[in-house]
Amino acid sequence: MIAPATLSSRLPLYLRLMRLDKPIGILLLMWPTLWALWLAADGFPPLHLIVIFALGTVLMRSAGCVINDYADRDFDGHVERTRTRPLTTGAVTVREALLLAAGLSLVSFVLILPLDPLVRWLSLPALFLAASYPYTKRFLAIPQAYLGIAFGFGIPMGFAAVQGEVPAIAWLLLLANIFWAVAYDTEYAMVDRPDDLKIGIKTSAITFGRFDVAAVMLCYAVAFGLIAAVGIATGRGPWFFGGIAIAAAIAIYHYTLIRDRDRARCFRAFLHNNWVGAVLFVALVIDYVAFPAA
């Protein structure tokens, strides 16, 4: 057992390992989950489900960050952006990291125990996706697509929690999330591309090569098209489609940031995706208030 004094001194290191000082990953995981809850519940999801999924998102994203740093501990020291991570520098041991990831995953599973059994079953592939994603960068040409599945798995889980099933519309929304994730995480990968080329890991930014900017914009277009299809299928009104238009305008602005492939501006574009997710969520909420489902 870790003594209280020791735990308090190490807590800041654990929080850094969980990336709680950088909440963008939590937000990019949260927005699709909230979209799913609102769509599944026709605009009025139960409060307890919102709380459970919000907490679960924070916990599983944190666990995913710990697992990612464990998997990449031999690479991160060679990348400018990651060389000071606690596991890379040895400030946190491998044993501590694995125990932390296991603890976060366990608490997250306990949260969903009161929910529909299908949610518990879906949590198994969700955990596998979160744990295996870091390793896909070693053999998949576009690991960002795998990330999109992992980051979007709250979508089928949200529908299962509300409806007790996962309808086709949930999988369509998950597909949209995959394209969105490829878009924003390619922007992120453009930041690390010089380092990633040196150490030999695979990313969409490397795979797309000189077509990276075009690929990002195409993925945004497909994602918004699929989200619009979800809106049509669920009978959404002008507020929601107006939100899609605003999100598309943000993506067009991203083009001005990433076209020169400046690392700092690519990172800014990546961070702006929080606003893409937020705009779509707010538009969905307002649309359901203005045009309740029949």
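Numbering starts at 1 and runs along the chain as it is shown here.
Any Cβ shown, glycine's included, is placed from N, Cα and C.
These come from Swiss-Prot:
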type	residues	note
TRANSMEM	24-44	transmembrane segment
TRANSMEM	47-67	transmembrane segment
TRANSMEM	99-119	transmembrane segment
TRANSMEM	139-159	transmembrane segment
TRANSMEM	164-184	transmembrane segment
TRANSMEM	213-233	transmembrane segment
TRANSMEM	238-258	transmembrane segment
TRANSMEM	274-294	transmembrane segment
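Residues 14, 17-18, 49, 52, 55-56, 59-60, 62-63, 66-67, 70, 127, 157, 160-161, 164-166 of the same chain lie 6+ residues outside the transmembrane segment (99-119) yet bring a C-beta within less than 8 angstroms of a C-beta in it. Nonlocal intrachain contacts for the transmembrane segment (139-159), taken as residues 6+ away from its ends with a CB within less than 8 angstroms of a stretch CB, comprise 28-29, 32-33, 35-37, 39-40, 49, 53, 56-57, 64, 112, 119, 122-123, 125-126, 129-130, 132-133, 165-167, 170-171, 173-174, 177-182, 185-186, 189, 202-204, 207.
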